[in-house]
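**Q** Quick paste from TrEMBL:
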- 79-121: repeat 'ARM' (REPEAT)
- 120-162: repeat 'ARM' (REPEAT)
- 161-206: repeat 'ARM' (REPEAT)
- 205-240: repeat 'ARM' (REPEAT)
- 251-293: repeat 'ARM' (REPEAT)
- 292-337: repeat 'ARM' (REPEAT)
- 336-378: repeat 'ARM' (REPEAT)
Amino acid sequence: MSWLEWSLSQSLLRIAECNPQGMDDFWLQQGTALLLSLVKSSQEDVQERAATTLATFVVIDDESANVDPARSEAVMKKGGIRMLLDLARCSRESAQSEAAKAIANLSVNAKVAKAVADEGGITILTNLAKSMTRLVAEEAAGGLWNLSVGEDHKTAIAASGGIKALVDLIFRWPAGTDGVLERAAGALANLAADDKCSLEVAKAGGVHALVTLARSCKLEGVLEQAARALANLAAHGDNNDNNAAVGQEAGALEALVQLTSSQNEGVRQEAAGALWNLSFDDRNRESIAAVGGVEALVSLVQECLNASEGLQERAAGALWGLSVSEANSIAIGQGGGVAPLLTLARSEVEDVHETAAGALWNLAFYSGNALRIVEEEGGVPVLVHICTSSGSKMARFMSALALAYMFDGRMDEVALVGTSSDSNSKSFNVCSHGVVTATIFFTRNDNMPTALWIWDICRLELAAVLVQKDPIRAAAWDPNCPRLALCTESTHLYMWTPSRVACVNVPFPNFRIVDV
């Protein structure tokens, strides 16, 4: 019987490692039950091999860590979670690591993760994460990483001492041990997304630990998770001072700025996200600029035009945050940030063009940047397109405000696009109505000379489009009320108000209205 169990455990492990097609029925109907019977074997090596096989056969794609839901739930339904947790509590470190690995892989499935938590698995994994044996601690950290995806499990991990155990892992193992460090940083990143848990991470020394990884580690997986964790720590509101704490940690901002030039896209994305969140703090905003953040992020946004949507959103978002400062806004414009932001503003992806519009809104407040948007980069049609077509109310609002900024303090006109010698030159005029601020304004593009767009900033929407038969020669607001008059070099004067339109004919022969 002992020889049969040993041979069977070897065969099942080889099948799981090869992962041949067409084995689902076997695993679900016989294989899972066989493996769980082997977990209860009296032979220690058979127990461990069975746990290894359970960890292996549920994974259907190693690179993406996809887990077969039917297989993982079959293990749960047949009582496998309790068996593996019992094995993880034994005194043998080799059995602990294999059992923890199986629990970690199975916990990718949310239903199984709940069963693990209900069976006391969080406390067991937390205790294993304190092990002085690297492989045991690594697999336990992986289990906590997967469990921490669930919102319900974050508080339980904190209550069990899991946050302190994960932070200690970063200090315990040298920079070359990528598996344990990546899993510990990944778990802390998930936990830091919760407001209360993020405070516990900081209290346990997590800010210093994560910044240490960002500064000194060379492993891309570790750097990506460390930057993500710092981004999540900095993402909370006014009642959470972690944003300021990260910015004040020695070397944190320099490390994140440096990571925006990483060869790995995931690292660049998470570093840009961290800088975006950190830029909401006034001191951090200026400190990021002081360590070269403006130049680094302008370079990143120039290079990410063909990159993933997540990287584009975070790069534009970081510039949006930094551009709140006048000095940063001017530096972004002078450094070449306008053109790539306009390119991202053309994106059909809502999150991307929304963040780009936010950055352009801030940039347009300063006349030099406004001229760059209008004259150098042809940005007005881009902003008008967002105003008329974006599904994001915020993007429409910010684009409308950017357009409103593109004229002088009296808000009466904007400059030319192109040069007068260019036969295809275009102009875009903006004129507003309002006493203190522009509540209604119109825009006109020479590419469409017969149309006039009227915008309502209070309602954040397009109020009307006036389309004439002939090109519009002039338009002006009534200084006393929201009434617009326009002419088309004909005998008619056209008027628009929010409630009605009118056309007045001037009955003089050979008379043409050319200005109002």
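For all residues, glycine too, the Cβ spot is worked out from N, Cα and C.
Values in this document were obtained by computation on a predicted structure and should not be read as measured data.
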**Q** Let me spell it out: take the repeat 'ARM' (336-378), skip the flanking residues so only those 6+ beyond its ends count, and list any with a Cβ under 8 Å from a Cβ in it.
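**A** Sequence-distant neighbours of the repeat 'ARM' (336-378): 297-298, 301-302, 304-305, 309, 312-317, 319-320, 323-324, 326, 329-330, 385-386, 390-392, 394-395, 398-399, 401-403, 405-406, 414-418, 426, 428.
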**Q** Do you know the DSSP helix, strand and coil residue counts for the repeat 'ARM' (161-206)?
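**A** Across the repeat 'ARM' (161-206), DSSP assigns the residues as follows: 36 helix, 0 strand, 10 coil.
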**Q** Give me the DSSP three-state residue breakdown of the repeat 'ARM' (336-378), ordered helix, strand, coil.
**A** 33 helix, 0 strand, 10 coil
**Q** Given the model, what does the mean pLDDT over the repeat 'ARM' (161-206) come out as?
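**A** For the repeat 'ARM' (161-206), the model's average pLDDT rounds to 93.
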